[in-house]
Amino acid sequence: MRPRPFPALPPEHNVPAFPPRLARLPRQEHGDDGARLDRTPEAPTAVEVFLSPPAARRLDALLLALLLCAGAWVYWKAAGRLDYQWNWGVVWQFLLRHDTQGAAGGWVPGTLTQGLLVTLRLGLWSTLLALCIGTGMGLLRASPRLFRRMVARTYVEGVRNLPPLVLVFIFHFFVSSQFAPLLAGLFAPVADGVAALLSPQLYLPVQDWLARASALLLAPPGQLPVFLSGVVVLGLYEGAYITEIVRAGLEGVERGQWEASASTGLTRRQQLRHVILPQAFRLIVPPLAGQFISTIKDSAILSVISIRELTFQGMELMAATYLTFEIWLTVAALYLMLTFSCSLAARHVERRLRRAM
């Protein structure tokens with residue numbers, strides 16, 4: 001006896017079909033090791049749901065053309081009304097110049113290029129300091145003890161709710177200016193003792209080598225105190241945001257991982273070191289890359305305490321040459337080049353981590 005078919009549902013019970021671009025099955029991909037990977041495609045945008053891919057591309061091209069036309073119209077209007085004589089030929093010597101009076105001669109970095117290098121050093125050292133502070137405070141934020149969580153919460157809320165410019169002034173004028181002479185007084189006897197032990201033929205080359213290393217990695221010896229002050233204050237400011245990134249990464253690990261590692265007899269420190277932190281690392285790295293870009297941009301605030309980074313050098317050149325538009329457009333292009341390169345590198349790291357997961 002053949003089974004009877006089910007009756008058809010009434011029209012009001014019919015479930016509407018999904019749009020064709022939403023009803024796609026996971027596609028089969030292969031990783032670097034040849035293993036088959038099941039990857040669900042990303043959710044389409046609203047434009048892709050209602051338009052076919054060729055129509056969406058044509059719409060994007062039309063919008064881009066309209067934006068370019070609008071930009072050209074604004075530039076034409078501004079050029080017609082702005083009585084300004086452009087002088088781009090002078091700007092190149094601020095990027096790269098030929099030194100004819102130096103001992104070695106040849107091409108040397110210009111003023112803006114030197115400021116760009118100082119900005120890069122500020123970003124690197126401040127990010128390293130912020131990473132150390134943020135990791136420690138992030139672990140305190142995820143601690144089961146109330147006092148540790150309160151300490152980390154006080155630091156995060158205190159820093160994040162203060163304007164960065166106010167924080168720079170407070171730290172530089174009330175903290176750095178008081179501790180710098182104290183540290184100089186502590187290290188002066190040590191330097192005098194080393195100079196007494198070494199002969200002048202050996203001490204002078206060592207002193208010159210230390211000055212060159214300081215200028216290459218940090219700043220020249222005369223500018224080192226204010227540079228270290230800027231690194232510390234920028235590291236404290238960015239460390240508050242890295243604290244939240246680390247806390248979110250630790251909380252992103254499943255609770256079962258904590259319970260499973262605890263059942264094996266591991267202490268909490270061993271759980272963090274061997275089980276939790278390696279898994280949270282994949283969640284933490286992509287936001288950290290974005291925070292490094294933010295640190296580079298925030299370093300422009302340190303120009304108010306006379307650190308010779310890119311913004312400070314731009315202000316000095318503008319005051320000396322009166323080339324307002326040329327200088328600031330060049331400074332903006334250098335910032336964009338630096339941050340966009342870091343953004344591409346961060347996107348590459350994020351893609352590699354996504355494949356590994």
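Here the Cβ of each residue, glycine as well, is placed from N, Cα and C on the backbone.
Owing to the predicted nature of the structure, the values given are computational and were not obtained by experimental measurement.
When the ranges 161-180, 181-200, 201-220 are checked against TrEMBL, the one recorded as transmembrane segment is 161-180. Looking at the stretches 46-64, 122-140, the one that TrEMBL records under the feature transmembrane segment is 122-140.
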